[in-house]
Amino acid sequence: MTIPDPKDDAMAARRCAVAHPNDGSPGYTARRGLDVPRGSRVSQLGLDRRIGGRMGRHAWPRGVFFDPGPWAIMSAIVVWLLTIYRVTPCVQHDVAKAVDPYQRQCYSDIPTLYRSSGMGHGGSLFANPDIAQTPLVTVLMAFCRRVVWAFGAEVSPKATDQQVLDAANAYWGVAQIVLFVAFLAVAISVMLLGRGSDTNLPVDDKGRPTQARRRSWDVFWVVLCPAVYLAGLIDFSMVPVALATTSMLAWARRRPWLAGILMGLACAGSLQAAVVAFAVLVCCLRATRLPELGRYLLAGSLVLVVCHVIAVCLGLHTWWAYLRSTFWSGTGLGTIWYVIQDSSGGTIPGIGWITGTLTVGGLLGLAWLSMTVPRRPRIAQVACVALLILFITNKVYSPQWMLFLVPLAALARPDLRDWAVLMVGECFYSLAVWAHLGGLSLPGGSDADVVYWASVVLRLACEMWFAWGVLDDIRRPWNDVVRVGYADDPTGGVLDYAPDPAPEPVEDSSAEVAR
């Protein structure tokens, strides 16, 4: 019989006290294998006194009330119904009575592109040069049109303008259902990737969890996000966002092949999704997890190449129009470069090279920081900062792109203040850009849209604020709210709790000379 050493018990007690403080400070207390939130902001503000105060240290949360799953799904349904209701003023029923979507703040590319590109008259979408979309989005558009045709809508060269309008409205309704499924996928993925989702999970001999991941309350950063309400139905961007977040979930469950396939599909829908692959690449290089990284990149690259090869075979001119509009277009809305050009009345020469250099430089700097900080950063942190670098330095910014920030911001830094700052900047810009296009924000007797310029500057400032907060967590991981206690990286997969040798300290040259 081995008698335990009292020193070991004292050391374990001190570790538990550091990991799970019992002094009322914000944190998590482990009770019976569960993470019970203590000292929440609701308790700090005294909002729970009417219902008995905050939860006691010996409480065991169980039942539907403590399960974020049904509440998150219900909230997502309500938010999506409100999103659909918001765009109903833009539904045009009579072809002779046009609707101004900019003044009504409910513009959407989905029905507009259906009517303007000739989709209502049939034909292959890949062979239509007026549809310069990514391969995945083009397939989604063809699928929605096929469903509309199956339900009896007139989709043929003989369709009248009114029939095309009616089919466009039905097409928009089908797209709303598809996007809602994608929104649910984003919510469920974040719920299974948030704080506490990987607590006390048993694993098999390959390191894969043998039980379902726990549900995190961080899902409400997504389902109650105003960005979804404002930009969820602008176009099909929600689908690539869903594929990227499910790819992160597959990676967290240590399935690199599946994660790579989903990431390849996400990149075939939007190039912004590649920031997740960049984060996986950087973190795996630091942890020297090269076999898993190779499988992940190989699967993603093959899927992406296959998607583009199919698009080239079905319509080379349409595919080339997409590439030209993506890489060789001029300065667009939503950037500081547009503000400079609009205020000066000139053009910036070589804007593509300038923005490309700044983006590559920012990503290289982020990679260097990730390799040199005391502790390996989390995948969501690197992906979020990389996305913000892309948004800040890019030559064009569309309001629907903020949908990519919704899950990454929730996973990277679930802090109410910084999240609110980011959402204020993004939402104010989303409202200002439609007012700018509709001519509603111009001061009387002036051609200078100062209000829109201010919204662009405010959005960039809010993005920089949030990026600095994430970078501060990367530099000082002991302040990271996700890493409270013994947590490492809920999105890390094979990187979670992987050995992470600290970088070699740089020796002071003056001290060396003194010796």
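Numbering starts at 1 and runs along the chain as it is shown here.
Note: Cβ is positioned from N, Cα and C throughout, glycine not excepted.
TrEMBL lists 505-515 with the feature compositional bias 'Acidic residues'.
According to TrEMBL, the region 'Disordered' annotation covers 494-515.
Feature annotation from TrEMBL assigns transmembrane segment to 64-85 (among others).
If you look up TrEMBL, you'll see 170-193 (among others) marked as transmembrane segment.
The transmembrane segment annotation in TrEMBL covers 219-245 (among others). Outside the transmembrane segment (219-245) by six or more residues, the chain places 68, 71-72, 75-76, 79-80, 82-84, 86-87, 107-110, 136-137, 140-141, 175-176, 178-179, 181-183, 185-191, 193-194, 262-263, 265-267, 269-270, 272-273, 276, 398-407, 409-410, 414, 419, 423, 426-427, 430-431 with a CB less than 8 A from a CB of the stretch.
As annotated by TrEMBL, transmembrane segment applies to 257-284 (among others).
Within its own chain, the transmembrane segment (296-317) is flanked in space by residues 124-129, 135-136, 138, 251, 256-261, 263-265, 267-268, 277, 280-281, 284, which lie at least six positions past its ends and keep a Cβ under 8 Å from the stretch. Annotated transmembrane segment per TrEMBL: 296-317 (among others), in sequence order.
Feature annotation from TrEMBL assigns transmembrane segment to 352-373 (among others). Below 8 angstroms of C-beta separation, residues 278, 282-283, 285-286, 327-328, 337, 382, 385-386, 389-390, 392-395, 471, 474-475, 477, 503 of the same chain, each at least six residues beyond the ends of the transmembrane segment (352-373), sit close to that stretch.
For the transmembrane segment (379-398), the residues of the chain that approach it from at least six positions outside its boundaries are 193, 234, 248, 251, 272, 275-276, 278-280, 282-283, 329-335, 337-338, 351-352, 355, 358-359, 362-363, 366, 370, 404-405, 408-409, 411-413, 459-460, 463-464, 466-467, 470-471, 473-474, 489, 491-492, 495, judged by C-beta separation under 8 angstroms. The transmembrane segment annotation in TrEMBL covers 379-398 (among others).
If you look up TrEMBL, you'll see 419-438 (among others) marked as transmembrane segment.
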Contact set, same chain, for the transmembrane segment (419-438): CB under 8 Å, 6 or more residues outside the stretch:
100-103, 105, 107, 221, 225-227, 230-231, 333-334, 399, 402, 405, 409-410, 413, 449, 451-452, 454-456, 458-463, 465-466
What residues in the same chain, six or more past the boundaries of the transmembrane segment (257-284), come closer than 8 Å to it by Cβ-Cβ distance?
134-137, 236-237, 239-241, 243-244, 246-248, 250-251, 290, 292-293, 295-304, 307-308, 326, 363, 366-367, 370-371, 376-383, 386-387, 390, 401, 404, 408, 492-495
